[in-house]
Amino acid sequence: MSPLAVVALVIGLQLGSALFLLPSELAPYGSLSALSWCLSGLGALSLSFIFIALSKCDKALGGPSVYVEKAFGLRAGFYVAWTYWVISWISAIPYLLLSVKALDQILPWPLSLLQEMMLIGVILSSITHLNLKGAVIAGRGEIVFTLLKIIPWICIPVILMLEYGFPKWVLPSAISTPLGLNKAMVITFWGFVGFEATTTITHCLRHPARVLPWALVLGTLCVICIYFFNTWVLMGVMPLKALMQDPNPYGTLFEKMWGPGGRILCALLATITCIGTLNSWILTCGQVISVAAKSNVLPQCFGSQSKIVHKNFGVWLTFYVMLITTWVIQALNFEKTLALLVEFCCAVFIGVYFVCLVSLLWLVSKKRIRLAFWMWPVCGISFLFCVGSLWDISGILWLGAGVIVASAWLMEFVSTLILPYKLFSIFPLKEKKISGSPVGKDRDLG
């Protein structure tokens with residue numbers, strides 16, 4: 001993949017449904033929500049540096065499962081790989097559902113439940129087919145999708161300011177500033193989930209040590225700016241009470257400016273944004289499976305080149321579990337399920353980030369990675385951010401995360417029953433180092 005495709009992937013993974021899902025939830029916090037994007041973005045940037053540091057431990061492969069395996073062994077790597085893969089395809093479901101909902105507003109007739117399910121299958125199979133062409137081809141598609149997303153979201157705040165004037169700074173009256181910032185920050189972090197997934201394509205890059213750091217930082221900074229300016233302008237030009245009750249504020253504003261065609265234009269923008277982000281996540285899911293299988297922390301069949309199992313078994317498995325799960329959610333009450341699904345995904349991702357941070361500190365304590373002095377405050381910021389975010393998670397979300405871990409344990413248990421079939425067993429060989437460069441003792445960050 002080219003450096004431009006990597007930056008596009010970093011932006012594409014983060015810039016998505018948050019622009020449509022979160023405005024009504026952030027409305028009670030007023031203009032503080034714009035500041036919360038900066039704070040949650042600071043947390044995302046600090047975690048980006050954590051993953052940049054971890055990428056030093058293996059130049060051939062990357063990703064959370066690889067880094068945890070380096071620190072704590074194959075079994076820990078397996079649990080992280082399984083959790084990360086499951087939560088990656090689960091987090092892609094909101095984008096698929098939102099794209100179908102947006103298309104429903106564009107089409108001249110209302111879609112039935114059966115038609116919506118068929119449309120879900122068409123969108124998902126098309127993007128999966130693109131990603132089966134390989135990371136390079138999918139990366140070129142990612143550049144196109146990212147440009148189609150970035151350009152409108154740069155123009156929208158400018159258009160709104162020209163139409164409604166310079167936005168006012170609106171503070172909430174019922175919530176104190178520190179409390180409002182903290183609550184809004186937890187909500188807005190959903191917009192940055194996925195930045196770390198770029199490390200899973202390390203093996204697709206010619207110079208990962210040079211490309212990954214600046215791509216992660218530059219891409220995340222671009223996303224912070226887009227989120228900040230769009231939220232600041234929206235909160236300033238639309239009354240907060242109206243915003244709280246409007247699930248599609250941009251559509252309402254566009255309709256006031258350009259009539260019914262404005263709402264259709266907003267739906268088209270939502271479709272492009274969500275499908276582009278969906279492409280990023282499916283690309284990531286495929287790379288997560290490939291890397292984990294190569295490093296022996298997932299069953300070999302997931303990345304098998306064997307004649308017994310199709311070489312894209314893992315990608316097709318992701319396709320089918322995503323398709324079935326999305327159909328089930330669509331058959332249920334979509335509106336009530338989506339918000340809980342987003343919060344759940346965010347919580348599990350932060351948990352994975354925290355485990356990766358602990359892995360980095362462990363590798364540093366064993367003198368297998370050396371950190372520059374300036375990285376220690378970054379580690380402190382990352383630690384406070386993860387702990388502060390996890391502190392507010394409800395019990396039902398902890399239960400859901402426990403189900404994912406329990407499913408990993410069940411898979412490990414079942415695999416022991418078919419241990420002779422090495423293709424399907426989780427730990428077919430004794431623990432060994434991941435194929436790739438060994439963990440060096442003299443690698444510095446900084």
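Each Cβ is built from the backbone N, Cα and C atoms, and glycine gets one as well.
Annotations in TrEMBL come from automatic prediction, not curation.
Sequence-remote contacts of a segment are chain residues at least 6 beyond its ends whose Cβ falls under 8 Å from one of its Cβ atoms, and for the transmembrane segment (34-55) they are 14, 26, 62, 67, 181, 184-189, 191-192, 195-196, 199, 202, 208-209, 212-213, 216-217, 220-221, 223-224, 227-228, 231-232, 235, 353, 356-357, 359-360, 363, 369, 371, 375, 378-379, 381-382, 385-386, 389, 445. Annotation comment: TrEMBL describes 34-55 (among others) as transmembrane segment.
Marked as transmembrane segment by TrEMBL: 76-97 (among others). With a threshold of 8 Å between CB atoms, the same-chain residues lying at least 6 positions outside the transmembrane segment (76-97) that come near it are 16-17, 21, 63-66, 68-69, 120, 123-124, 193-194, 197, 274-275, 277-278, 281-282, 284-285, 288-289, 292, 295, 297-298, 318, 321-322, 325-326, 329-330, 334, 338, 341-342, 344-345, 348-349, 351-352, 355, 401, 404-405, 407-408, 411-412, 426-427.
Long-range neighbours of the transmembrane segment (109-132) within the same chain, counting only residues 6 or more positions beyond its ends whose Cβ lies under 8 Å from a Cβ of the stretch, are 96-97, 99-100, 103, 138, 141, 275, 278-279, 282-283, 286, 312, 315-316, 318-319, 322-323, 326-327, 330-331. For 109-132 (among others), the entry in TrEMBL reads transmembrane segment.
The feature transmembrane segment is assigned by TrEMBL to 144-164 (among others).
Sequence-distant contacts of the transmembrane segment (184-205) (same chain, at least 6 residues past either end, Cβ-Cβ under 8 Å): 1, 6, 9-10, 13-16, 18-19, 21-22, 25-26, 29, 32-33, 35-37, 39-41, 43-44, 47-48, 51, 54-55, 58-64, 88, 91, 135-136, 139, 211-212, 215-216, 219-220, 223, 227, 280-281, 284, 287-288, 291, 294, 342-343, 345-346, 349-350, 353, 356, 389, 392. Annotated transmembrane segment per TrEMBL: 184-205 (among others), in sequence order.
Residues annotated as transmembrane segment in TrEMBL: 212-235 (among others).
Proximity of distant same-chain residues to the transmembrane segment (262-292), defined by a Cβ-Cβ separation under 8 Å and at least 6 residues beyond the stretch ends, is recorded for 9, 12-13, 15-17, 19-20, 61-63, 65-66, 77, 81, 84-85, 88-89, 91-92, 95-96, 98-99, 102-103, 105-106, 123-124, 127-128, 130-131, 135, 138-139, 141-142, 145-146, 148-149, 152-153, 194, 197, 200-204, 248, 250-256, 298, 302-303, 314-315, 317-318. Annotation comment: TrEMBL describes 262-292 (among others) as transmembrane segment.
The list of residues near the transmembrane segment (313-332) in space but at least 6 beyond its ends in sequence, with Cβ under 8 angstroms from a Cβ of it, reads 85, 89-90, 92-93, 96-97, 100, 113, 116-117, 120-121, 124-125, 128, 131-132, 282, 285-286, 289-290, 293, 298, 301-304, 341. Per TrEMBL, transmembrane segment is recorded for 313-332 (among others).
The transmembrane segment annotation in TrEMBL covers 338-364 (among others).
Taken from TrEMBL, the feature transmembrane segment covers 371-391 (among others).
Among the features that TrEMBL reports, transmembrane segment is placed at 397-424 (among others).
Long-range neighbours of the transmembrane segment (371-391) within the same chain, counting only residues 6 or more positions beyond its ends whose Cβ lies under 8 Å from a Cβ of the stretch, are 42-43, 46-47, 49-50, 53, 182, 185-186, 189, 347, 350-351, 353-354, 357, 360-361, 364, 444-446.
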